[in-house]
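Here the structure comes first, spelled out in C-alpha cells, and everything after it is commentary.
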C-alpha cells in the first residue's frame, strides 16, 4: 500500500525499528492503559499493543485506515483531531472511570506546544513518552538564566519530571524534516505542589505566562501590562515579597515561581477587596 505523507498534518514517519522498540521499552507500558496520538502507519502502534492493557489511538488522517488494522481487541482508533476531543468523555467510554493513563506520540512539530498544554491539563495522563522537535525539547528541560528558559519550561517542569531518552537525527524519518528530534519521557510529579487545587494550578499557569509575556521586559512591566495594574501597586507587592524591581522571569526558579504566584493572587484579591471597600465608603 502506498501513502503520500501530508504536510498539513506534519507527517514524518520514523523508519528505525530498533528506535521504535527502544521508545516502547522506555515508556514502560506493560499492562497499562495507553493513549497514542497519531499512530500513522502503525509501526509504533503494533509494538504498543503487545505491551498495553488497552490502547486508545487518535488519528486525524482517515486515509491511513488501511494501515491501521490489527488482530487484537485491545485497540480502539478514533479518527478525529485529538485537540478537539472531549478527553474525559472518551476516557470514561473506553477505560474505567478515574483510570491512570500513559501517553505516547511522535508529535507533529507545528502543534507540539498546543498538544503539550492539553496533556498537562488532563489529570488522567500520568506520564507521556514523546518525540518532538529538538528545539522544543531543549526548552522543556531548560533551566533559569538560559536562552531556552521560558513559560513552557516552567509550566512543564511544574507538572512533570523530564527524562531525556535519545536525540534522533532528521535522516531517520520519511519524509526527512529539516530539523532533528528528541525523545523525552514526562512523569507526573507526586510531590506536594502538584496536589494543589485546579484553580491554584490555573493561577500558576496564568501567572507564569504573564511573567514571560515579553521575555526582554522585566517582571514588573509584564505584570503591569497583563493584569492592567499601576506599577506602584506591583512595586508594593515586590517589596512585600523581597523581589528586585528589575528582575526578569528568566531569572526565577520553579520553586520561586510557585511561591510568588500564590502570593500574587492573594495580593490581587486583597487589592480588589480594598478597592470595593473604598467604593462602598464613598457611596455611604
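Counting begins at 1 with the first residue displayed.
Any Cβ shown, glycine's included, is placed from N, Cα and C.
Note that this is a predicted model, so its numbers are computed, not measured.
For the S-adenosyl-L-methionine site that Swiss-Prot gives as 12, 14, 38, 59, 81, the extra residue drawn from 98, 106, 145 is 106. Fewest Cβ neighbours within 10 Å among the binding-site residues 59, 81: this applies to 81. Taking a C-beta cut-off of under 8 Å and a sequence gap of six or more, residue 106 (S-adenosyl-L-methionine binding site) has these contacts in its own chain: 12, 14, 38, 40, 44, 130, 131.
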